[in-house]
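Quick paste of what TrEMBL says about this protein:
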- 508-566: coiled coil (COILED)
- 662-673: compositional bias 'Low complexity' (COMPBIAS)
- 674-683: compositional bias 'Basic and acidic residues' (COMPBIAS)
- 1-22: region 'Disordered' (REGION)
- 660-687: region 'Disordered' (REGION)
- 707-746: region 'Disordered' (REGION)
- 761-804: region 'Disordered' (REGION)
- 54-77: transmembrane segment (TRANSMEM)
- 83-104: transmembrane segment (TRANSMEM)
- 177-195: transmembrane segment (TRANSMEM)
Amino acid sequence: MVERKDPGAGSSGSGDAGRESPFIRRPATDAMSLASRLTLQLGLAKFALFWERFWPAIWPVVGIAGLFLAIALFDILPALPNWLHTVVLAALVLSALWGVWYFIKNFRLPDDKETRRRLEQDSGLKHRPLTSLDDRLTKGDGTTRALWALHRSRLVKQSGAFKAQPPRPRFAYLDPLALRCGLAVVMVVAVVSGAENWTQRLARAVTPEFSATASSQGVSFDVWINPPAYTRKAPQFLASTPQSDPSLSSPALAVPAGSEVLAQLQGPVESPQLLVGADATDFESTGVDFYKLSGRIDAGERIAIVQDGDTLAEWRMSVLPDRAPEIAYLTAPSRSERAALRLQYQAKDDYGIEKIEAQVQRLDMPEAAPFFLELALPKSGASELEAISYHDLTPHHWAGLAVEITLFAEDALGQKGESEALRTVLPERIFNHPVARALVELRKQLTLAPQERFSIVQGLRDIYKRPSHFHHDVVVALAVVTAERRLIHDRRTEIIPSVQQLLWDTALRLEEGELAIAERDIRELQKALQEALARGADQAEIEELLDKLQEALDRFMEAMTEQMREQLSQGMEPQPLPPDAERLESSDLRDLIEKARELARNGSTEAAQELLSQLQEILENLQAGNFADQMNQAMQDAHGMMQDMEEMIRKQQELLDRSFERQQQGDGQQGQEGDQRAQERNSDAGAQEQLRKDLGEMMRQLGEALGEIPRSLGRAEQSMRDARDALSGQEGQDAVPPQSRSLDQLQQGMQAMAESFMQQMGQQAERGSGTVGSQPGQSADPFGRETGRGGINSSRTGVEIPDEGDIVRTREILQELRKRRGERQRPASELDYIDRLLRQF
């Protein structure tokens, strides 16, 4: 008898003798493989049944949720009237609740029996073999059990053909119009369109506005915020979506203080108002249902349009106050190589800097009114800038005095920021010409002690009574007499500035002639060019200024070259080259001007201004003599040789004097005194020989530098040889004639050297190169010949070039000397000594 076991019932005990495995008499591995496969197929069949029941049951909920999301992301609900917005939300909620009820009612998990039956149907097997495998044999003899085992073996073989099929939810039957596809497309479009502010759209969809909003009343409005023009910010147009809760809106609008708000409103409203913070302003009616308003935003956290206490629309905002500019020194005020005041600074402002100036206050006379320097702006309206400004204050009557300088930056509102006040000594021009130096000193006395006119007048009289001291220059004489007469006949204090200016111009004429005029013209033209570019002048004006600047540079170079020649001919020591000097061709300056011209033509005014700033930096840091093909170095070498020659002449003169003295006293005396004079002659013979060797080395250097040696030096060398022989013999008096000839020939040779040096430097000046920095791989000797070694800083003589520490120390010493020179209470002897020290630099 066969007992059929229900699939859902529990199995009999493990000790039941009648139970027999369905995989009896099969290898263990085959049984395990078959069992695993059967378990997998049963799982797939169960999932298919689950999906076929779950998806149709949950579809109403999914469809309603998708519809709501699409409506919300398209931002449709806030545009509806409030009552309709509420009705739609309620309908969606009720529909969702119905969908949940429908799901609970229609969804049921499949059991094992349904799963086996589904697998049998998917596999196309008859007689329900999976169900038969659960049957059990209750009774029977051996034959019966054998037949039963054979039956089960056949069932197991059939189970190998089981295969579950995919789910069949029958959506085509449930949704014949394929609405699900349309909803999916709408969902994709909604997600793309509302991705940026999806949280705000969802919030607006679930929170109807129950106040009298613009949309509910059919009101339209436009609102603009125009920032002040100086902020250079674009106007903002405010979205017209009503906002009942500003915290849910977009990030707060950044509104510069002082912005103008413009609003236009159209619709059936009465007495609308615009709220800016807590301040309310009534709209002005311009017609039936038309309103407009303009106002100013200075403070507040929101903008709102209201009517009778109801908010039609509102926006969060953050008012940005216009902060005062900030300005600070990058380096302390310093002196340029051409005695200009150098100010390096940085400044910033939130919307742009309109003006920068420096206040200069005299330290020893705080009650004196300060004067102001206007600093050029590299870029008008720049919010951040770093710049260097140069100012020639040597003509100012405070030059050489201790002052305190404060920088001020001003914005478009007139707000000012100031830097710390730094103390310095205003650069003072060091004059080499004695008359020019005296005139400048008298000019300074007019500043420090204007009541002491008599002593100043007396000083002017002393000057014009000695016309030979200023080469009988009629212009100088007339200027000095004019200044003296003004001080005598006009007792007013107002006359002093004009007298000081006259004395200054006269001193410049004596000191530099055309060089000072060319230098002044360059500075004036540079300033005019910067101003023209900043205000956007037309190209014709800029071209004219650039042409004038080029002409002024040419005059400057010519005047400087002439000054160098005069300095060399007068035996004046030139200024030393800085250790970081580099070769600069005058063509480089022309190229710089031409490049600035091209940039200005192309509209790149900022780049042109930057190039002009570089040009100013180069010119301000040129020392006198650094401008014409290493002329400074050439002058230094030439001056060194001339000094060496002067030293030789001095030594030769001393030897001649001693020989002449011995001749006068009788060189042939006997005894102890005669032995002493013989020792003196031998000593002088050694000195004469050493002097001859020094002259030979000098001649070698001149040959390298000039390519030729003055013949008079060759004759001097021979005369020195004759003098040495005479001193070495017994007739010491014979040394006087050759020593006299040697002295005369050395003096002739020195004159020839000076002429050769001036001719050589004049030729180089025509080539027009100079030195302001270092360029690797380029090197030339002081006469323009390429050496192929190092660079312009390379030392041909082995002289050690100062390192950075030495340079810093030297700068500190110079600053201290200039500071002390401005302290007029010091003794005159000390001030004169400081002047002599500073003259070397």
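Placed from the backbone N, Cα and C atoms, the Cβ positions cover glycine too.
Automated prediction, rather than curation, is the source of TrEMBL annotations.
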Counting only residues 6 or more past its boundaries, what in the same chain has a CB within less than 8 Å of a CB in the transmembrane segment (54-77)?
85, 88-89, 92, 95-96, 98-100, 102-103, 106-107, 167, 169-171, 174-175, 179-180, 183-184, 186-187, 190-191, 193-194, 198, 201-202, 204-206, 208, 241
Is the region 'Disordered' (707-746) packed against any residues at least 6 beyond its ends, judged by a Cβ distance under 8 Å, and which are they?
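Cβ under 8 Å, 6 or more out: 645, 648-649, 652-653, 655-656, 659-660, 662-663, 667, 677, 681-682, 684-685, 688-689, 691-692, 695-696, 698-699, 752-753, 756.
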Mean pLDDT across the coiled coil (508-566), rounded to an integer, is what?
77
Provide the three-state DSSP residue tally for the compositional bias 'Basic and acidic residues' (674-683): helix first, then strand, then coil.
10 helix, 0 strand, 0 coil
